[in-house]
There are 2 protein chains.
Amino acid sequence: MNERTLIKNLAAASDGPTSVSGWVETVRDQKKVQFVVLRDESGAVQLVHPRAFNEDGTPADDALADTISALSQGSFVTASGELKHDERVKLGGVEIKLDALDVASHAIPETPIADDSGVDKRMDWRFLDLRVPKHALIFKIQTTLEHAWRTYWVDNDFIEIHTPKLMASASESRAELFEVEYFETKAYLAQSPQFFKQMAQPAGFGKVFEVGPAFRADPSFTSRHATEFTSVDAEISWISSHEDVMRMHEELMVAGIAAVKEKHGEAIEALFGFELQVPTTPFPRIPLAEAKRIVAERGYEVPRHDDDMDPEGERQIAAYVKETYGHDFVFLTDYASSIRPFYHMRNEADAGLTNSYDLVYNGVEISTGAQREHRVDVLIEQAKEKGLDPEELDFYLDFFRYGVPPHGGFGMGLSRVLMLMLGLTNLRETTYLFRGPNRLLP
Amino acid sequence: MNERTLIKNLAAASDGPTSVSGWVETVRDQKKVQFVVLRDESGAVQLVHPRAFNEDGTPADDALADTISALSQGSFVTASGELKHDERVKLGGVEIKLDALDVASHAIPETPIADDSGVDKRMDWRFLDLRVPKHALIFKIQTTLEHAWRTYWVDNDFIEIHTPKLMASASESRAELFEVEYFETKAYLAQSPQFFKQMAQPAGFGKVFEVGPAFRADPSFTSRHATEFTSVDAEISWISSHEDVMRMHEELMVAGIAAVKEKHGEAIEALFGFELQVPTTPFPRIPLAEAKRIVAERGYEVPRHDDDMDPEGERQIAAYVKETYGHDFVFLTDYASSIRPFYHMRNEADAGLTNSYDLVYNGVEISTGAQREHRVDVLIEQAKEKGLDPEELDFYLDFFRYGVPPHGGFGMGLSRVLMLMLGLTNLRETTYLFRGPNRLLP
């Protein structure tokens, strides 16, 4: 391993010999002194090289100066020299007086994207786009968020599962399904781990979680949809209703956001310009019918003919919740059975409603959760009502025939959570490599 | 949430009212007393119900007794009653005298698998197979292992990434590639996250990891191959050689196995019958050519005509390492470039060799790692040598044209690690739901 010091650690290091590695952000090639700003994954530092001169004032032979003059922006180098603390240096209060510069890899001098490039162009060159500290920060936050979630789950005795993404049939619906050539037959890409995380319930696993890819052959080109996304899923046994799922879900969100604020709160303020709020529990809960009344009173009539909320309705109810309770989250509950999948349990008192919810964060839905129907006869009836063929679902229905505890869970889009947490408007920004109907590269 | 007590916590609880939930393992329906063994995800407990009798000795009306008599094995129930500690009870030293039994879900009485069912039959009914404590333990161990790995990575400033599984072209080779109908075009399922985890290097991420699915259209039916598997990947910047990758890799293995031993060591002894060994570092390292000489001296000639090791050779060298160094792991290093992918860096002193390794655990290969070739001109030459068309790789080659640090990493099969750790011989046992050429269900 090269013995580099991370740039963020230079400020606390003593003056003296040091070595850093990273990529060249800028070169100022002046007559008397050369300056290089070098960045690594932790920060940026100024490298300085005073040119050598002969006694008569003409430039002396200076191989290091020639190396610096030839440096293209983006090249990866290792720099060694003397670390010096100097309060006048704006960039971190330190600089390195160069002794040597070893170029590991020269960059093509013409950078194909600029600060003002459009998002599609930036996605074409995602590996360069991610060098921008603000963009890289998103994935550091992702790391912290996921680790806090998993730590919550592990501390609460959840089992981590990896369900197969290759399936013999659809998991949610026949629509939006990717088909795979599978030896002599066809397979389909899982639209969610729904059936298989439910399988952990009759298996007696108790509580499970999974973070993994899901696939939707969705031809839409919105800023909120992707054909492949990272799904965050949990499923728990012995619940009394969806209320138990919501309680776990809100604890999880608090654990995640608190960890992000603790580790990245300052960086978020510096690069995104706002202070991250850790939500309090319980999150507000509003039955969907009531949410529609509230939204209507605010002067917005949801223009959908089914019973669902639309994006503007979600924004409106979120605004109401923010004004009324000062909260960034709201659970919309009791969705109509007409717009929920067959496996959602219906409300005991009103079969037109389900024991389900959507979680809205800063005005956009990030998750759907529910109690599942575990009584196989009821489940079969509900599947038929939705026009599904119970025979095709037989492998799934078997999960319920040999004993199963009451259970429920949720699925949540990772990139959506990050997008809403950071006040962004496009999933492309919070996905490492976005996939859409016309985006398979890089 | 129902207010159940986990069965493992009963021994430490006081005598008195309690409630447990789980599935019925056995019913002993005797004339005077009924016994039920109930299991949940944490353990098993005996429930007792003395039947009620009239004064004349005839059976009295006893709804609870009728419920117990009708209980089928596998049904999920909630049992409430009086907890009583009693040393004579073999099962945990406690029993519960039943007050009530609520059946959440009746099981079909005929269980389709038995203790002696073959592995394929068991996989057909995986959700029942996983109720066996020994089988469930595997996934508790998986949870602990992964969490320890991720904690190691997070503590060492790695960034977690989720690379796309849908690709426009092959990642490793044209062979064994699954094809997906993708709107008006074709996509391919990623055989590994190789190209995209390397992309994090020019992106300046420094160190990255990913745990996610990978797909191989491998038609073989061995106990070691699957068409879908969970790949554990890491990639780090600024290495001097593959030695730096091996150092990180062995630290990771120690962190994972130590955590498993601490949390599950006793359960492994009880259910698998051996004491898990935490390896010491450094792991032995043997260049492949030397390993072949050692194996030959032991009387085994590797029957392959290429330069690779075969499974028996791996077992032989592992036996040698165990005898000589008492170690369960060995890094075989310096594989010939003829049998390594084009992106492995060649040895500076001998271009016929690569800066690469395989990690062998208890006699079977679990991982391949290497330093990557980061010089784009060399990379193009190596791709051509392997018969690949650099134009098709253009999106990947771009990662190297705009500056990239020297880097390397490894990919490792999660189920293989678990299989070797637990002395099992079939990946089907350590995969939640196995996928093979003729296995897409459940």
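Backbone N, Cα and C define each Cβ position, glycine as well.
Mean pLDDT for the domain 'Aminoacyl-transfer RNA synthetases class-II family profile' (B:139-442) in this predicted model: 96. Residues or ranges marked as domain 'Aminoacyl-transfer RNA synthetases class-II family profile' by TrEMBL: B:139-442.
According to TrEMBL, the L-aspartate binding site annotation covers B:Glu172, B:Arg216, B:Thr368, B:Arg372. Long-range Cβ contacts of B:Thr368 (L-aspartate binding site) within its own chain (separation 6+, distance under 8 Å): B:Ser356, B:Tyr357, B:Asp358, B:Leu359, B:Phe410, B:Gly411. In the three-state DSSP scheme, B:Thr368 (L-aspartate binding site) falls into the strand class.
What TrEMBL lists as region 'Aspartate' is B:194-197.
Over all protein chains present, the Cβ of B:Arg416 (ATP binding site) has 22 other Cβ atoms lying within 10 Å. Among the features that TrEMBL reports, ATP binding site is placed at B:Glu365, B:Gly413, B:Leu414, B:Ser415, B:Arg416.
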| message | So among B:Glu365, B:Gly413, B:Leu414, B:Arg416, all listed as binding-site residues, which is physically nearest to B:Arg216 (L-aspartate binding site)? Use the C-alpha atoms. | response | B:Gly413
| task | Sorry to bug you, but what's the C-alpha spacing from B:Arg372 (L-aspartate binding site) to B:Ser415 (ATP binding site), rounded to the closest Å? | result | 25
| query | Expressed to the nearest Å, what is the distance separating B:Leu414 (ATP binding site) and B:Arg372 (L-aspartate binding site) at their Cα atoms? | reply | 22
| field | Distance from B:Arg372 (L-aspartate binding site) back to B:Gly413 (ATP binding site), taken between C-alpha atoms, in Å | value | 20
| remark: Rounded Cα distance in angstrom between B:Glu365 (ATP binding site) and B:Arg372 (L-aspartate binding site) is 20
| task | Can you check which residues sit near B:Arg372 (L-aspartate binding site), meaning Cβ under 8 Å from its Cβ, same chain, 6 or more apart in sequence, and list them in order? | result | B:Gln198, B:Tyr343, B:His344, B:Met345, B:His407, B:Gly408, B:Gly409
| Using an 8 Å cut-off from the Cβ centroid of B:Glu365, B:Gly413, B:Leu414, B:Ser415, B:Arg416, can you name the remaining same-chain residues around the ATP site, in sequence order? | B:Phe229, B:Ile366, B:Ser367, B:Met412, B:Val417, B:Leu418, B:Met419, B:Leu420, B:Leu427
| remark: Counting every protein chain shown, other Cβ atoms within 10 Å of the Cβ of B:Glu365 (ATP binding site) number 19
